[in-house]
Amino acid sequence: MLAYLPRPPTDTSRYGTFPQKPDLPAAPGALVEDGGQKVAATAAKRGAPMPNYPSAPRHSGFVAGEPSLPPSRGSLTTQHHRGQPSWCPPPAPQDAAARLYPLHALSVANIPNSSRGRTSARSSTVPTPEGLQGRRCKLLEEDSPVVQAGKRQRQRYVTKVGKCQVNLGNIQDKKRFLSDIFTTIVDLKYRWFLFVFMMCYIVTWVLFGFIYFLDAWVRGDMGHQGDPEWQACIQNVDGFVSALLLSVESQRTIGYGTRMVTANCAEGVILLMAQSIVGSMIDAMMVGCMFVKISRPKKRAQTLIFSKNCVISLRDEKLCLMFRVGDLRESHMVDAKIRAKLIKSRQTAEGEFIPLEQSELNLGYDTGEDRLFLVEPQIICHVINRHSPFWDMSAESLRREQFEIIIILEGIPGAALAAGMTCQARTSYTEDEILWGYRFEPCMSLEKGAFQVDYSRFEMTFEVQTPAASAKELQELKELEQQEHSTLSLYWDHLLQPCALPGP
């Protein structure tokens, strides 16, 4: 329930470009001699603020001359992994050529952990500084936030394949399911559905077979087998097995002719009519449920695919959240619509906690862009404007957020158009699956007079220049530039105005 609470902000004094080097504990003798001076120096060093962001132009988003980082299309946590601490053995030398990197790659927060306190408390047991350094490196590798984030599995609201991770429990009024028995049977899993299907026939056969056996035993037909003068009600029934065979032959209209109901008793005729009616009702219900269950377009959603990651980049000078959707079948979806929901817990101003609150993300439903002609893979765009919940989100604040975006694509499959059945495909994206400063690669080309779709490039992305600031900050900067430009234009117009000549 508390999975999507906002993460607490980390200490801004630790947002340095490089990791801080902790103070190594000195030897016991040195601590005795000048303990006071070192404690004061340590306190002054810890209180000194670290530099924040490198002084680079905000509009470019790239800094030249930094060491190379391997490109990755995973989450932001694994994408910009930091190096080892400065007191660990230096890594192998890499290419010294200058490369371009996004600005937010250098602004990863150095989140503190508790391993430093534990290593300081146990430092007296380490005999040599080399062992201390190796032990600290190992602890920081195991307990670092990046490693812990990779080990910790996030509980999703909706899985990547579209299954809702919500279990309903403590339902008191369960008779509501029996009032809608048709939907209840159709929604059963196939193993339980086949079990119910078989038990409906087996129970009716056994029940009517027992009634046939009881009637033949009460009337004495079983004791007069082979007597030509005896007027039997049910012929050739000498036990329960033969009565069961009569029940199966009557309900399934097999009619072998050796066992039958005669006209010598009225109850036998009524019993046969009742079994025929009950058998027809069972056939209509179970065959109808089987047809609906098989013809449901539930598996059609398996051929509707979504990109593994979302990307955030500029489009038409606006910051946009984008993902890609495609259809693998040639029988296209009819009247396809797409929606997006943001799942995030929050606390109101009055102190009320709202768990997993759902808010709508505008994918173009006001302009009709949410209605798709899904013939080729399409990139769905959510413009981050004033009405978007991501208006204040920057590349740095994205790392501290916890939310989930649910994507719902629904439409009528072409094969099930006559039945009018709607198919729905779902997926989800967490904050770790959003790539800031990336764009999808094109996957279409023109070959032999037709457009060719290469689905091997469906997931591919490439890095682009994107500012690490939020859409709100970019809008404020743009308005400030426009205001300065208008002021400068008025100043130049005033200077260029011709001077008024004095009259004669």
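Note: Cβ is positioned from N, Cα and C throughout, glycine not excepted.
As recorded in TrEMBL:
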| type | residues | note |
| --- | --- | --- |
| REGION | 1-94 | region 'Disordered' |
| REGION | 111-133 | region 'Disordered' |
| COMPBIAS | 114-125 | compositional bias 'Low complexity' |
| DOMAIN | 158-297 | domain 'Potassium channel inwardly rectifying transmembrane' |
| TRANSMEM | 192-214 | transmembrane segment |
| TRANSMEM | 269-292 | transmembrane segment |
| DOMAIN | 304-478 | domain 'Inward rectifier potassium channel C-terminal' |
State the residues, same chain only, that lie 6 or more residues beyond the ends of the transmembrane segment (269-292) and have a CB under 8 A from a CB inside it; answer 'none' if no residue qualifies.
182, 185-186, 193, 197, 200-201, 204, 208, 211-212, 215, 247, 250-252, 261, 263
List the helix, strand and coil residue totals of the domain 'Potassium channel inwardly rectifying transmembrane' (158-297) as derived from DSSP.
87 helix, 6 strand, 47 coil
Just to confirm my parser: what is the rounded mean pLDDT across the domain 'Inward rectifier potassium channel C-terminal' (304-478)?
91
